[in-house]
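The domain 'Enolpyruvate transferase' feature in TrEMBL is assigned to 6-419. Sequence annotations record features per position, and here TrEMBL assigns phosphoenolpyruvate binding site to Lys19, Gly91, Arg119, Gln166, Arg344, Arg386. The annotation 3-phosphoshikimate binding site is assigned in TrEMBL to Lys19, Ser20, Arg24, Ser164, Gln166, Asp313, Lys340. Marked as active site, proton acceptor by TrEMBL: Asp313.
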Amino acid sequence: MHINLTGPLKGQTHVPGDKSMTHRAVIFSSIAAGRSIIEGALLGEDCMSTINIFRQLGVTIEISGNTVTVDSPGFKQFTEPSQVLDTGNSGTTTRLLAGLLTGLPFRTVLSGDASIGRRPMKRVIAPLKEMNAQISGSYHDTRTPLIIEPADITGIHYAMPVASAQVKSAILLAGLHAAGDVTIIEKTASRNHTETMLPLYGVELETGETIKLPARGIEHLKPFDFKVPGDISSAAFLMVAALITPGSAVTLHRVGVNPTRDGIIEVIKLMGGDISVIDQTDEGEPVAMIEVRYTPDLKPVTLEGDLIPRLIDEVPIIALLMTQANGTSVIRDAEELKVKETNRIDTVVSELNRLGFNLSATPDGMEIAPGREQVTTRVDSHGDHRIGMMLAVATLITGEVEIADFDSINVSFPGFMKQFEQLGVKE
Ligand code: S3P
């Protein structure tokens, strides 16, 4: 697809609902018997995978605009699916449901697209097996398809080897079935939406560095009407577009600013970017209004350590922002990028370098130097939504490019182009 965005970006908008929270709202609403309404849901392809799987399990889910109405008979009445449960491109669907399905009284099979087939599953299979789950994966329990047989799930005391909210949440969702205590120790915090949202649906748990779930928590889940905050990971593309495009000033309403997700705001501030976060309120999850203005003369920065999980999905668009700094920026401690929808160290570096930017890959991240000498105008999302959107934002600097597999953006941000148009961007 030919993309050629031209700025400035001006005005205000609401970004689409948060992907991580929409998945969780659908999961918790489906477990609880009764009607739950999810407002402001994200209906991108990933969340639709989760919705369609619960439909296959016998939950009635209606969609009208961005409102999702879940009428569930409750998890005890889930019916055995006659087909493989298709998780599409969604790592969150695959891993979170791997946890939940372990305690159901029938067999299920989870499988997704080619990208899901390459992503590591041992990280969920291993702790779930420790909980007595009867789960197996292809290639010696390392990959999908995942086959899950009924089992009596036991408690676990688990120290997380990687900062991963998907692994943590898989354990918590299996743990909802457990007769014993589930304790998870997290040295580096990962996004905590499972912990913030479970109490809204009736399950109280201890949180912090040690997370403790009560036994048989699944019995306590009750319906809840959740209003999904805007996705900071989608807002990130608009924020960076405004920062790098002369004359831009945008206001984004009701963006989720959970402290486990707001690393990009910290980075923009460290780089000297003109950003304000105002009117913060607590709606179960913190939300705020974000104002961003064009900023010349951005400073280079080094990102590492505990900051990385707080911005892991924003690295592609942060890397583009860093190309506009007046010195070399460094991202390290980010090996996890290699196991996302694509190897994002490789895809970010290779695609931005094709557009003439100056990036080099390192074993655990990348270095981003200023300057640009365009090589080609043909780039590729490699089927990765965040790479596709980052490349579209790059056209504000480069002019027209041809992005192969641009449709992949529908995974998380189907209205991406419309949202830019709303802010006055011309195509
Ligand atoms: C997510 C967790 C993160 C993130 C993904 C969504 C979630 O993955 O990258 O986009 O909703 O739990 P990891 O758990 O693999 O870090």
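In case you wondered, yes, glycine gets a Cβ from its N, Cα and C as well.
Just so you know, TrEMBL annotations never went through curation; they're auto-generated.
Provide an account of the burial state, proximal residues and distances for the features listed.
The DSSP secondary structure for Gln166 (phosphoenolpyruvate binding site) is helix.
Note on Gln166 (phosphoenolpyruvate binding site): other Cβ atoms within 10 Å of its Cβ, all shown chains, come to 24.
According to its DSSP assignment, Asp313 (3-phosphoshikimate binding site) is helical. Under a cutoff of 8 A between CB atoms, and with a sequence separation of 6+ in the same chain, the neighbours of Asp313 (3-phosphoshikimate binding site) are Ser233, Lys340, Arg386.
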Can you list which of the binding-site residues Arg119, Ser164, Asp313 have their Cβ under 6 Å from some atom of ligand 1?
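Close enough to ligand 1 are Ser164, Asp313.
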Which residues in the same chain, at least 6 apart in sequence, have a Cβ under 8 Å from the Cβ of Lys19 (phosphoenolpyruvate binding site)?
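Same-chain residues close to Lys19 (phosphoenolpyruvate binding site) (Cβ under 8 Å, separated by 6 or more) are Leu42, Gly44, Asp46, Cys47, Thr92, Asp231, Ser233, Ser234, Ser412.
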Can you give me the same-chain residues 6 or more apart in sequence from Ser164 (3-phosphoshikimate binding site) with a CB-CB distance under 8 Å?
Arg123, Ser190, Glu336
Among the binding-site residues listed here (Gly91, Arg119, Gln166, Arg344), which has the Cα closest to the Cα of Arg24 (3-phosphoshikimate binding site)?
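Of the binding-site residues Gly91, Arg119, Gln166, Arg344, Gln166 has its Cα closest to that of Arg24 (3-phosphoshikimate binding site).
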